[in-house]
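First the structure, in the form of structure tokens, and then the observations on it.
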Amino acid sequence: MVENRLLNWLLYVALMAGTLGWLGSGKPFKIVGLFLTSGLAVGSLYALGGIGMVVLFRATGVLNFSSGAAGAAGAMVAWQLGQWGLWAPLTWVACILVALLITLAYGRYIAPRLAWRETVVKAVATLGFALIILGLVSFLWIDDPRSLTLPTDKIGVKFLGLRVTATRLIVLGAAIGIVIGIHLFLSRTKVGLQMRSLANDRDLSALIGIPILRVETIAWGIAGVIAGFTGLMFADLIRLEPTVITFMVIPSIAAAICGRLENLAIVLIGGLSMGVVESMLTLSSTLKGARPIAPFVIAALVLLWYQRGARLTFGGRD
Amino acid sequence: MRLWHITPSGWAGLIFAALAFFLFPALAGNLWLSVFISTGCFTIAVAGVSFMYARLGMVSLTQVGLMGLGGWVMLRLNHAYGLPFEVNLILAALVTMVCGWIMALPAMRMRGLYLALVTLMAAGGLEILFATYQFPNGGDGFWGVKTGSAAPFTRPALATTPEAYLRYVVVIALLCFLLIEAHRRMKPGRAWAMIRRSEAAAMAAGVNVTFYKTWAFGIAGLLAGVAGGLLAGSLGLLDDATFRASESVLIFALAVVGGARYWYGALIAATLYRILPALLNNWGVDADLSFVIFGAGLLHAVITAPDGIAGQIAGALKARKAAKGRAS
Amino acid sequence: MKQTKTLAVLAALPFAFAASQAMAAPSCGANTGQAASGDPIIVGGIHGNAAPGDFSAATDAAAAYFACVNANGGINGRPIDYRVENDQWNPELAAQAAAKLVNDTKSVALVGNGSFIEMAVNAGTYKDADIMVMASACAISECFETPNIVSTNQGPLPSNLGAVMYAREELGATNVACIGLNIPNNGIWSCEASINYMKSHGGDGSMALLNPGAPDVNSALLEAVSSGADTILINQPAGLALAILKAAEEQDLRDAFNWIAPTPLYDLSVPDAVGEYWHGHIYVNAELAPFQVNGPDAQNWIAVMDAHARPEDPRDTFAQAGYLSAKFFTETLMEMDPADVDDRAKVSDAIRAIKGKTSDLMCGPYYVGDADFHMPNHAGYMVKIVEGGYEIVRECYEYEAAYFDPHHAIEKEMGLK
């Protein structure tokens, strides 16, 4: 088992080094650095989205397609409050609160009604919810060029010839911090223990008296906060367009798949790698047009690698 | 079950097809003709998803992406060679079927959510490919894309008017449903039924599980290819926005909402997907708000109708019959 | 593109003020002050309003102008029944909209169309039905290279050329990197023309393309930056352009390049949205007269909007283009034999016969002509983004490029130049 894991890591490092070496060969170091650091920011966002998804999925069994929409709604509210002259930090809090409320609303009022459905149906139902939010957001804020700026955009450090703003560092730091934080939460606290137990076996957990509703609500809450934070960062770093933020979930799922929907550290590494490879593909003259395909190809390859040697087995759970 | 036996539900389907063939083209104006043609195409695509889900419990979240592939091949062939529409359609369907197979081979090791996710990744990849390389419009080279206006598209000789094209789509949709039904009644159907119940039992009984699952993927791909080809034929060109990954997820959700086990479930799903938005648009409902209505309807149906809307209809009919039986 | 309600109202205020000083009532059609009551004449319009953009400003303005015409005697006493459909950026809905307006109803023409895909889907339908489309917010090649569509706005190709020409002549640009959308009949089509222009003048050019839905715009910017260009042309809708500018600000690239853009960046909410960093550093080509020119037609446009449009309807370039299309169309109908205005073929002929219409909103004359391509508007202004608005840096100028040779030939033939 340990050997197997070591093999996986070695393979990963070799593949990444090979890909980056191939894409970056013959290019000035500075240019490679530019794309590398740029990719890390997008990758952190993929990872953040994936982390929120995995935390929720493990505790509740729901793969949430609506987290992007919740983030988009939060970001738009933050922008609007900013336009009305509200003190900036309050608008950021508002963004996270809105995403939290939307996610909790689904978790408390809609998700329980679907508890008996298959995992896939539970997942696609959240897309219906995402459409509702996206429709409302686009109705309230008609299309217009908007932007959201954080004060941290003005602070920056030089890294590999590229100016890296504090915002980008915050996103990367937050992604790492959240992974560590949730790991500690799951391993050190009672609720964390209950969550792990739910992830292992829901029916059994219910039998031994774990307060499922409470634990699930906490998981939805964590997912909501992460969705709000991701939405805010996305709006600042990428763009403030509800549709784009909403459908960011699909590459985020790709990042979640890398961690087999359970291992947060691998989700983080997967998301970052996707962002970097996607960005670095710009250096290839043949592949640059199709560079956003990187997350999907990587996720598919990772899934296949995990399933290698696996055979169709009898029964058991998926 | 005998191959040629027609069930009551089968009769209903045939009667509906006849109605759609004779009545709809005669009554609908150009707007609704075009809506019905789209609906027909998507009915075929949904039939593919529903059939995989209902017969084998396999979830494909890439059906609309595969439709795009079929449409791509259709357009490419149309602009490259002067072959008749039908030949192009068959080739497009076969190419898509082969792609369905290719996708199925690695996916065969997975089940449930993972299988769904690997197909979602395929849909995401196809979305990017369509957005990057676009649909052929009569240009040169492999991708066949030129700047400026699209070259003309040759519609089938049998169906050059919108009315005739709707009839054409109805006939092909009927053939597709018959294809599924025929499969269900023959050897593959028995194998699928066994696999659905227990893969272990199926394997023990000597059923080649991988082969029959792959076969099912192929049929779903074939139907997607036909649907995409027909859609390309109705518009003469395609746009990548139609084939986003989220649309594939939506189509699956609608297949569940419509009722995957019934033929009219596919029709209900396609109706919700194409006719409902057109109606809302026609009534002057804001496009954004119709998204909200659509999403809410979807959620409501997933929550309240475990067997889909078609299941509710079937249940209601059965209950009436039972009540009648008691009364007499 | 639409603005938020508050912004639109705020932006409209100074103009409304100027307009109310200049004239009390808008002037439209026969200007009788009497509502038209006869048999309506059906006119259609198609816009695209859904994610990722709202192109309804032109049809809103055209609707306002037609409402004004109807309140002022209509077309010889007959009102215009203006029916607008939304294609929602969906090719099937676009085809359905045309089926409804062109085949199911006997619209005599379509006016004010604005979309990214409608024209590509329906160009053939229009030709088969021999109906003319006087579009106003066109962005793709089909708008300018098919026989039955003529657009008042310029679209990306001429506007890019105008910006590149200015950069070459005034900013010393020798190598332009065009950041375009990866859409053949939009980004690639219009970037290619700019690159060809640079090459024909001894310079060089390249394009960096990005997928409209992809989150990462930074890569396209970095690609442009590393191409060796001295000038970056942001050939994007405003939302994406803002994202690119923001990424450039982060890298502090402002002073390393000339920054130019076509008309989409001419939008009153842009100067605020780009922020102080960029003020005075971005040059934008405006395909219709900038707001401060404020000639009689510009004032009448505002008066029409104030009297007949909703307050939240945007007052932007596309709205001006919609107003102009509607105005030219109305004038054409009024010059026709009143017995013929219901006859689509005759209306189409009359539209094709339009030549030499002028307005202070447009630099050149508006004409249609009987050709397989139409692009009457290929001269514009150059403006610079400054705090709170735009400063004109070059008045009306013709774009000089080989692309326009056929257009110039036709203009010569029609006796316009």
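Note: Cβ is positioned from N, Cα and C throughout, glycine not excepted.
Among the features that TrEMBL reports, transmembrane segment is placed at B:7-25 (among others). Packing against the transmembrane segment (B:7-25) from elsewhere in the chain are residues 33, 36, 40, 162-164, 166-167, 170-171, 173-174, 177, 181, 262-264, 267: each is 6 or more residues past its ends and has a CB under 8 Å from a CB in it.
Annotation comment: TrEMBL describes B:31-49 (among others) as transmembrane segment.
Residues annotated as transmembrane segment in TrEMBL: B:87-105 (among others). Packing against the transmembrane segment (B:87-105) from elsewhere in the chain are residues 62, 66, 69-71, 73-74, 77-78, 119, 122, 172, 213-214, 217-226, 228-230, 233: each is 6 or more residues past its ends and has a CB under 8 Å from a CB in it.
If one looks beyond the transmembrane segment (B:112-133) by at least 6 residues along the same chain, the residues whose Cβ comes under 8 Å of a Cβ in the stretch are 57-62, 64-66, 68-69, 72, 103, 106, 143, 145, 240, 243-245, 248-249. Residues or ranges marked as transmembrane segment in TrEMBL: B:112-133 (among others).
Marked as transmembrane segment by TrEMBL: B:165-182 (among others).
The transmembrane segment feature in TrEMBL is assigned to B:194-211 (among others).
Residues or ranges marked as transmembrane segment by TrEMBL: B:217-238 (among others).
The transmembrane segment feature in TrEMBL is assigned to B:250-273 (among others).
Among the features that TrEMBL reports, transmembrane segment is placed at B:293-317 (among others). Here the transmembrane segment (B:293-317) has Cβ contacts under 8 Å with residues 253-254, 256-262, 264-265, 268, 272, 276-277, 280, 285 of the same chain, all six or more residues outside its ends.
Long-range contacts of the transmembrane segment (B:194-211) within the same chain: residues 55-57, 108, each at least 6 residues beyond the stretch ends and with a Cβ under 8 Å from a Cβ of the stretch. Only residues 6 or more beyond the boundaries of the transmembrane segment (B:165-182), in the same chain, are considered here, and those with a CB under 8 A from a CB of the stretch are 3, 10, 13-14, 17, 20-21, 24-25, 28, 33, 36-37, 40-41, 43-44, 47, 51, 89, 155-156, 158-159, 219, 223, 226, 230, 233-234, 263, 266. Below 8 angstroms of C-beta separation, residues 20, 24-25, 60, 63-64, 67, 162-163, 165-166, 169-170, 172-173, 176-177, 180, 219-224, 226-228, 230-231, 234, 251-252, 254-255, 258, 260, 263, 265-267, 269-271, 273-275, 278, 282 of the same chain, each at least six residues beyond the ends of the transmembrane segment (B:31-49), sit close to that stretch.
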